Amino acid sequence: MLIFFNKYLHINLNILSYIPYRAIFSLLTSFFINLYIGPYFIYYFKKLQTYQIIRNNGPKTHYSKKNTPTMGGIFIIFSILFSTILYCNLSNIYIWYVISILIGYGLIGFIDDYKKIKYKNSQGLKLKWKYFFLSIIAFIFICMIKINNKDIISTELIIPFCIKNDFEINYLYIFLSYFVLVGTSNAVNLTDGLDGLAIMPVIFLTCGLTLISLFSDNINISHYLHVQYVKNSTELAILCMAIVGSGLGFLWFNSYPAKVFMGDVGSLALGGSLGAIAILLHQELLLIIMGGIFVFETISVILQIISFKIRKKRIFQMAPVHHHYEVKGILEPLIIVRFWIVSLILLLISLISLKVC
């Protein structure tokens with residue numbers, strides 16, 4: 001929006017023409033918005049009794065969280081949208097693709113949270129309907145970018161740590177994009193089980209995508225680093241920084257002991273947005289490395305289900321795996337910080353892959 005005012009109202013704020021400045025302003029704006037509105041949202045959430053529903057079969061340490069409000073993802077989404085609309089060039093179609101996923105997946109998460117709170121159970125939206133709506137939005141997203149800009153979704157798969165890192169997979173790419181969107185949103189959702197556990201890996205991952213969006217828009221740098229050239233992708237860096245700032249602002253209230261949880265409205269929206277950005281940048285496989293914590297959590301659930309159905313035995317004492325460590329007696333803050341450390345290391349490994357060959 002500021003770009004529009006600067007161009008057509010002749011305000012002549014040259015600083016707005018520089019991506020790094022707008023990215024920094026975007027981060028700071030979303031951060032301070034959350035710091036300011038966070039306490040108000042938490043107050044009204046408590047007043048409306050939007051408390052987190054605790055599973056009866058969950059870790060006993062979680063019973064102390066039963067009076068902690070959820071749905072904090074609402075003010076995460078608000079601050080991201082505010083900063084994005086304020087600082088991004090809104091004529092850039094990539095921005096609208098990500099915003100559509102942010103709002104669409106956020107709405108599904110909101111309905112899920114609302115049903116949990118209303119009916120006082122941890123089930124919420126039925127699983128089949130949840131995946132149905134997530135899938136519908138994912139396919140609409142894929143079809144729209146395929147129709148409007150065929151260059152965004154080429155059918156080449158970029159494989160990290162390979163000398164020849166682009167492989168033609170034809171229309172399998174559409175299904176890969178679908179699984180990235182739906183999978184990432186649910187992976188973040190599964191990880192969001194401890195205070196601050198999910199939001200910091202989201203921040204790290206978004207920082208990595210920020211760098212790639214900057215590299216991808218320069219044909220010489222992208223060729224040197226073996227990343228896909230994506231024209232005008234630098235605007236995504238501003239949106240990414242809005243996510244980082246919003247995440248840091250939310251962490252202010254979500255760090256142990258949490259005053260608010262993001263809920264499904266936040267985790268599905270953030271996970272879906274990261275998946276969408278990775279698709280636009282052609283970094284679907286690199287996303288798996290960057291978001292290795294989310295992959296680990298998801299695999300732990302899948303293995304637990306398969307093992308119990310086939311062997312009638314559990315691999316972990318409880319899944320997702322962060323609950324396994326809780327049951328083993330490891331303190332929650334230790335689990336959280338250690339997962340953060342692993343997430344940071346995975347980010348660094350993924351960045352090394354850009355010029356490993």
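The backbone N, Cα and C atoms fix where each Cβ goes, glycine too.
For reference, Swiss-Prot has these:
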- 23-43: transmembrane segment (TRANSMEM)
- 70-90: transmembrane segment (TRANSMEM)
- 91-111: transmembrane segment (TRANSMEM)
- 127-147: transmembrane segment (TRANSMEM)
- 171-191: transmembrane segment (TRANSMEM)
- 196-216: transmembrane segment (TRANSMEM)
- 236-256: transmembrane segment (TRANSMEM)
- 260-280: transmembrane segment (TRANSMEM)
- 286-306: transmembrane segment (TRANSMEM)
- 334-354: transmembrane segment (TRANSMEM)
Exercise. Under a Cβ pair cut-off of under 8 Å, which of the recorded stretches 127-147, 171-191, 236-256, 286-306 contacts the transmembrane segment (334-354) most often?
Worked result: 286-306
Problem set entry | Contact call for the transmembrane segment (23-43) and the transmembrane segment (171-191): at least 3 Cβ pairs under 8 Å, seq gap 6+ | no
Problem set entry | Same-chain residues near the transmembrane segment (171-191), Cβ under 8 Å, at least 6 residues beyond its ends | 101, 105, 109, 131, 134-135, 137-139, 141-142, 146, 153-157, 197-198, 201-202, 264, 267-272, 274-276, 278-279, 284, 287, 291, 293-295, 297-298, 301, 320, 322
Exercise. Same-chain Cβ contacts of the transmembrane segment (236-256) under 8 Å, 6 or more residues past its ends?
Worked result: 19, 22-24, 26-35, 38-39, 42, 72, 75-76, 79-80, 83-84, 87-88, 94-95, 98, 194-196, 199-200, 202-203, 206-207, 209-210, 213-214, 262, 266, 270, 273-274, 277, 280-281, 332-333, 336
Exercise. Relative to the transmembrane segment (260-280), which of 70-90, 127-147, 286-306 accounts for the most Cβ pairs at distances under 8 Å?
Worked result: 70-90
Exercise. Which residues, given as numbers and ranges, are at least 6 beyond the ends of the transmembrane segment (91-111) yet have a Cβ under 8 Å from it?
Worked result: 71, 73-74, 77, 80-81, 84, 124-125, 130, 133-134, 137, 141, 144-145, 148-149, 152, 181, 185, 189, 232-233, 235-236, 239, 263-269, 271-273, 275-277, 280
Exercise. Do any residues of this chain, six or more beyond the ends of the transmembrane segment (127-147), have a C-beta under 8 angstroms from a C-beta of it, and if so which?
Worked result: 97, 100-101, 104-105, 108, 112, 153, 174, 177-178, 181-182, 185-186, 268, 272, 276, 279-280
